[in-house]
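Shown next, in structure tokens, is the structure this report addresses.
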Amino acid sequence: MIISISQMRSVRLREDESSGQSYTASCLCGSAPCILCSCCPDSRNSTVSRLLFTAFLFLGVVVSIIMLSPGVESQLHKLPWVCEEGAQNLVVLQGHIDCGSLLGHHAVYHMCFAMAAFFFLFTLLMICVRSSRDPRAAIQNGFWFFKFLILVGITVGAFYIPDGSFSNIWFYFGVVGSFLFILIQLVLFVDFAHSWNQQWLCKAEERDSRAWYAGLFFFTLLFYTLSIAAVTLLFIYYTQPGACHEGKVFISLNLCFCVCVSIIAVLPKVQDAQPNSGLLQASVITLYTMFVTWLALSNVPDQKCNPHLLTDFSNETVLAGPEGYVTRWWDAPSIVGLVIFILCTLFISLRSSDHRQVNSLMQTEERPPILEATQQQQVAAREGRAFDNEQDRVTYSYSFFHFCLVLASLHIMMTLTNWYRPSETQKMISTWTAVWVKICASWAGLLLYLWTLVAPLLLPSRDFS
């Protein structure tokens, strides 16, 4: 008996030493997980990995923003893919800004190409990973230092891609990716509003307090008030009497669609089939639709109907060489779009939904119940590292998560460059393509939300609970 106990102790000691060595190796391969887990010792491995990949994306966004600063733009002339001829003598004429003044936009294209290529590589690599027992899961959840080196290598290589037709072709990839990411944002907003509404209703019933109902009413009224204010401002700043007919049609149509969706959300039959549906979700969708409409109108290629055009300097010719040029990219739509992008990306990284349809769409598992800490979790907490919660099955699709980051990279590229397309004459011009893509995305989002309301009525045999 004594021998068996001593053998067990020696085996346990060897296991602890092996665990410590593997943890040390993990830290050597990437110190960021160790720092993060020491701050949050009860973190799940799946959450930490998503946060770190998101940090890579945000790092690329910061680099892109730095490249759009005038001081950095003036140094980009030294790269081989920009304005090889006549970069010193380019001027702004008749509503177009030449390549020399918008080198930062080209740099953002190359930077976001590198980020999209990096995440697309992991999209392909992580297809059909079922649990952390798969050898590829170790690549997903570790080796952060080497993954950072890969990202840096791809970025350096991307900046040596000759411009040529690259920017024009990559623009259309950005259009498609941004369209899809706008829809993902809308799904996340619907899910957020649904969970918000459900939690506050439950608290109102549990505590028998009307304060929660008053809170829901207040925020619903606030969102509708902001939406009405947005419609008013859009008509004031983006339309003119006897002109801007397209803008008037877009604003009016989206306003009518939002009113219809709000009415449908509170119909008795819809309420019977979807007890948790209500005006809070509809008000969030209405406000987001007005935001996307604003983004669309900010790309209308008519200066009379768009106060955000890059040519809104003066009627004089402006020098656009490295010594003197003016660019106006950091406007209100870009700032708000960047903030919403950051919030939605963090939302993707941190949260699993309570909604079965959302989890099915986003390829995530339902939010796990709060259980007592397992022995593995306690050991991981003592060692200051994340614990593996995916030994049986993964809590999210690795491949789909990276695909969302690919779309996020394309969307932020279009956001930071204001959807301006580099033309064949080395000029950045605003196009109707961007306008129609955003308007169609708003319509597709409204249609998607409408389907969530009427699907239980049209398909009563299916479970939409």
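Just so it is clear, glycine is given a Cβ too, placed from its N, Cα and C backbone atoms.
Feature list (source: TrEMBL):
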- 51-72: transmembrane segment (TRANSMEM)
- 107-129: transmembrane segment (TRANSMEM)
- 141-161: transmembrane segment (TRANSMEM)
- 167-190: transmembrane segment (TRANSMEM)
- 211-237: transmembrane segment (TRANSMEM)
- 249-267: transmembrane segment (TRANSMEM)
- 279-297: transmembrane segment (TRANSMEM)
- 332-350: transmembrane segment (TRANSMEM)
- 395-414: transmembrane segment (TRANSMEM)
- 434-459: transmembrane segment (TRANSMEM)
Ranked first among 51-72, 279-297, 332-350 for CB pairs under 8 angstroms with the transmembrane segment (141-161): 51-72
Seg_contact(the transmembrane segment (332-350), the transmembrane segment (167-190)) with at least 3 CB pairs under 8 angstroms, min sep 6: yes
Interface-richest range of 107-129, 167-190, 395-414, 434-459 toward the transmembrane segment (249-267), CB pairs under 8 Å: 434-459
Leading contact stretch, 107-129, 211-237, 434-459 vs the transmembrane segment (395-414) - CB distance under 8 Å: 107-129
Chain residues outside the transmembrane segment (279-297) and at least six past its termini with a C-beta under 8 angstroms from it: 182, 185-186, 189-190, 192-194, 196-197, 216, 219-220, 223-224, 226-227, 230-231, 234, 238, 247, 250-251, 254, 257-258, 261-262, 265-266, 305-306, 333, 336-337, 340, 434-436, 438-439, 441-442, 445-446, 449
Within-chain partners of the transmembrane segment (167-190) [C-beta distance under 8 Å, separation at least 6 from its ends]: 106, 109, 112-113, 116, 281, 284-285, 288, 292, 340, 344, 347-348, 358, 361-362, 404, 406-411, 413-415, 419, 421-424, 433-434, 437-438, 440-442, 444-445, 448-449, 452
